[in-house]
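This is the feature table in Swiss-Prot:
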ACT_SITE  H76  active site, charge relay system
ACT_SITE  D120  active site, charge relay system
ACT_SITE  S216  active site, charge relay system
DISULFID  C61-C77  disulfide bond
DISULFID  C185-C201  disulfide bond
DISULFID  C212-C236  disulfide bond
DOMAIN    31-247  domain 'Peptidase S1'
SIGNAL    1-21  signal peptide
SITE      D210  site 'Required for specificity'
Amino acid sequence: LTTVISYFALVAFALVGVSYATPKASINGRIVGGEMTDISLIPYQVSVQTAISSYGFIHHCGGSIISPRWVVTAAHCAQKTNSAYQVYTGSSNKVEGGQAYRVKTIINHPLYDEETTDYDVALLELAEPIVMNYKTAAIELAEVGEEVETDAMAIVSGWGDTKNFGEEPNMLRSAEVPIFDQELCAYLNANHGVVTERMICAGYLAGGRDSCQGDSGGPLAVDGKLVGIVSWGVGCAQSNFPGVYGI
């Protein structure tokens, strides 16, 4: 069993009183082996975009809607000032057809460690509430202490690379991956990073399906609940290296 305990506490803290009226260079925040999907099937998925001089905003990371004004993503995706980011919602295409929202406040987990990527979670408060519809909806959070069974099937989604250093797709993709045994994951990744109690692993031992560069911060969902945030991994969809997700 894998226990989900960490980032939900931060979320609960940040949302008190709220009314609804870059990991290490050798480890890449990371959909390989998946398929194109429609945003209406994953309406909580957003593109966290960053400003690039005169080019405007471009896709930077994924994120998940947890309320009309709040998005959760990875801390390593949110290390600049709030004005450097916008959240793009409601479209399967990360460059058109959606709605952009300015970021008002960034709350990184106070214990986030850039070297180990521990506590890799951040909250983005939006300047205006997201207009909710069939293409934009909040995802339910797994409860603190809730357990996720090893081998339970999860959905990971995003606009990241479709292969190592491959072309980044404009269209949203998703892949189904099993929750991976925590102890074995820690052993397999021991020479590349530490798998802590604030992390959960997902993927196939043989590889073939995984999140990839550009998917960081995006959702890992089991039975419609958010159980992880794309954080780091060795390459993408490589055998013996399941993806690692912040919890």
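The chain as shown is numbered from 1 upward.
Placement of Cβ uses the backbone N, Cα and C atoms for every residue, glycine included.
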Rounded to the nearest angstrom, how far is the Cα of H76 (active site, charge relay system) from the Cα of D120 (active site, charge relay system)?
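Answer for this pair: 7 Å between alpha carbons.
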Sorry to bug you, but what's the C-alpha spacing from S216 (active site, charge relay system) to C201 (disulfide bond), rounded to the closest Å?
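C201 (disulfide bond) and S216 (active site, charge relay system) have their Cα atoms 14 Å apart.
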Specify the count of other C-beta atoms within 10 Å of the C-beta of S216 (active site, charge relay system).
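Other Cβ atoms within 10 Å of S216 (active site, charge relay system): 30.
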Based on Cα distances to C61 (disulfide bond), point out the closest of the recorded positions H76, C185, S216.
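Out of the listed candidates, the nearest Cα belongs to S216.
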If you skip the near sequence neighbours and keep only those at least six away, which residues in the chain come within under 8 angstroms of C185 (disulfide bond), Cβ to Cβ?
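Result: V195, C201, P242, V244.
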So for H76 (active site, charge relay system), how many other CB atoms are inside 10 Å of its CB?
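Here the count is 23.
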Looking only at Cβ atoms, how many others are within 10 Å of the one on C77 (disulfide bond)?
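For C77 (disulfide bond), the 10 Å Cβ neighbour count is 29.
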Quick one: pull the CA-CA distance for S216 (active site, charge relay system) versus C77 (disulfide bond), whole Å only.
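Cα to Cα, S216 (active site, charge relay system) and C77 (disulfide bond) are separated by 7 Å.
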Can you tell me how many other Cβ atoms are located within 10 Å of the Cβ belonging to D120 (active site, charge relay system)?
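Counting Cβ neighbours of D120 (active site, charge relay system) within 10 Å gives 33.
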